[in-house]
Amino acid sequence: MASARQVNIAIIGAGGVGKCFLSQLESLAARRQSQKLVLTYIATSKKAVYSDSYSPIALDSVVSTLSSSSQAPLALPKLVDYLAASGTKTVLVDNTSSQDIADAYPSFLRRGISIVTPNKKAFSGSYKLWQDIFAAKEEGGALLYHEASCGAGLPVISTIKDLVETGDEVTKIEGVFSGTMSFLFNSFAPTSGSGGGKWSAEVAKAKELGYTEPDPRDDLNGLDVARKLTILARYAGLEVESPTSFPVQSLIPKELESVASGDEFLARLPEFDAQMEEVKAEAQKEGKVVRFVGSIDVASKQVKVGLEKFDLSHPIAALKGSDNIISFYTKRYGSNPLIIQGAGAGGDVTAMGVTSDLLKVLAQL
C-alpha cells in the first residue's frame, strides 16, 4: 500500500525537453523529504515502462530502461484507467506536442489526475477543448499547470493569471514570442544597422545551430507564435476560436509552401532573398528595424502576428540572441508595461517551467 505522502508520476515524452525534465525530476525526488515521488509509468510514442503493481521505475537508469523496453504504450483511455486505479495521487507530465494527448486531458482531469505540460496544443486548440479542459479540472478536483506552453521557463502564464485573478484589467499584450524568430531577426536586421547576412543564410545558420524545427517552415509559418497568442488572449478574456482565426503573416514564399522537404526549402530560399532585403531596407530608411511580433488588443478584440517596424530604442528592437520579450499593458501598470524577458526556448529552461509547475502541484496535493 502506498504511503499517504506518496505521489505517483506518469510521463509521456522523452525527447529533448523530456530528457531534461527527467534529470531535474531525479534531483527533485532526491531532495524532497516531505513527499515520496514515484515514477510508475513512462512512455514515448513507441515504447513504455510500467507494471500492474505500479512498481517504482528507477530514475537514475530510466532512459536506458525505456530504450530497451519491449512494452508498448497504453492506449490513452486505458492509461486513464490505469493511473486512476492506483489509489494514489497521480500527476501526468505530458512532455509532447501531441494533439491526441491534448484531446484526452478532460478524461484524465475528470478522474482526478493532475497534469503539468508544455504542450501548447491543449490550450490553443479549439475553444471548446479549452472549455472542456477547465470544466473537467473542476469536476475532478485535479490541478493543471502549463507555464512552459508559452515562453518556456519564463513566468508568462503565471503572470497573466495573477494579473487577471487579482482584478487587474489587461488592455494590451505585445512581444517577441519565438526564440527562433528572435534569433533570426536580431541577426538579419541588427540595431547597429550594419552587418546582418542574407535572409536565407540566416535561416540556414539558425537551423544549423538548432534554433529551428527540422523543417524551418514550421517556425516561419508563424503558427507557433499564433498558438502562444491564442493562449494569452483567452486568459485576457477573449474567446479566440483557434490560432488560425486571426491574421498570421507567414514568412514562407508562396512558391515554397509545398516543396517536399525542409532541405529543398532551404536550397531554394535564396531565390527570394530580395523580398526580405526590401523589408529591411524600408525599415532602415525610417531609422527602424523589423521584428516578428505578436500583439493582442483586448478592447478592439484584435489579435495579430507578423512583421512590425520598431525604433532602435524600443525594448523589442534591442533584444539579444534568441530571447523572448513579452509586455503586459494593464489598468494598474498604466503606460509603462510589465515586461518579462529572457530565454524563451531550450530544453533545460522549458523543463524548468515543467518542474516548477510540478512543485506547485505537489504543494497542493
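Easy rule for this one: first residue shown is 1, then count along the chain.
Keep in mind that glycine also has a Cβ here, set from the backbone N, Cα and C atoms.
Less than 8 angstroms from the CB of ALA14 (NADP(+) binding site) sit LEU22, ILE42, THR44, VAL63, LEU66, ASN95, each of them six or more residues away in the same chain. Taken from TrEMBL, the feature NADP(+) binding site covers GLY13, ALA14, GLY15, GLY16, VAL17, GLY18.
Residues or ranges marked as domain 'Aspartate/homoserine dehydrogenase NAD-binding' by TrEMBL: 13-147.
Residues or ranges marked as NADPH binding site by TrEMBL: THR96, LYS120.
What TrEMBL records for 155-359 is domain 'Homoserine dehydrogenase catalytic'.
The L-homoserine binding site annotation in TrEMBL covers GLU213. Long-range Cβ contacts of GLU213 (L-homoserine binding site) within its own chain (separation 6+, distance under 8 Å): THR180, ASP219, GLY262.
Cβ neighbours of LYS228 (active site, proton donor) (same chain, under 8 Å, six or more residues apart in sequence): LYS120, SER124, SER149, CYS150, GLY151, PHE177, SER178, GLY294. According to TrEMBL, the active site, proton donor annotation covers LYS228.
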Can you check how the pLDDT averages out over the domain 'Homoserine dehydrogenase catalytic' (155-359)? 94
Between GLY18 (NADP(+) binding site) and THR96 (NADPH binding site), how many Å separate their Cα atoms? 8
Count the Cβ atoms, other than its own, that fall within 10 Å of the Cβ of LYS120 (NADPH binding site), considering every protein chain shown. 22
Around the Cβ of VAL17 (NADP(+) binding site), the count of other Cβ atoms that are within 10 Å: 23
I want the residues beyond GLY13, ALA14, GLY15, GLY16, VAL17, GLY18 whose C-beta is within 8 angstroms of the mean position of the NADP(+) site's C-beta atoms, in chain order. LYS19, CYS20, PHE21, ASN95, THR96, GLY347
Neighbour tally for GLY18 (NADP(+) binding site), based on other Cβ positions within 10 Å of its Cβ: 24
Neighbourhood of THR96 (NADPH binding site), C-beta criterion under 8 angstroms, separation at least six: ILE12, GLY13, GLY15, GLY18, ASN119
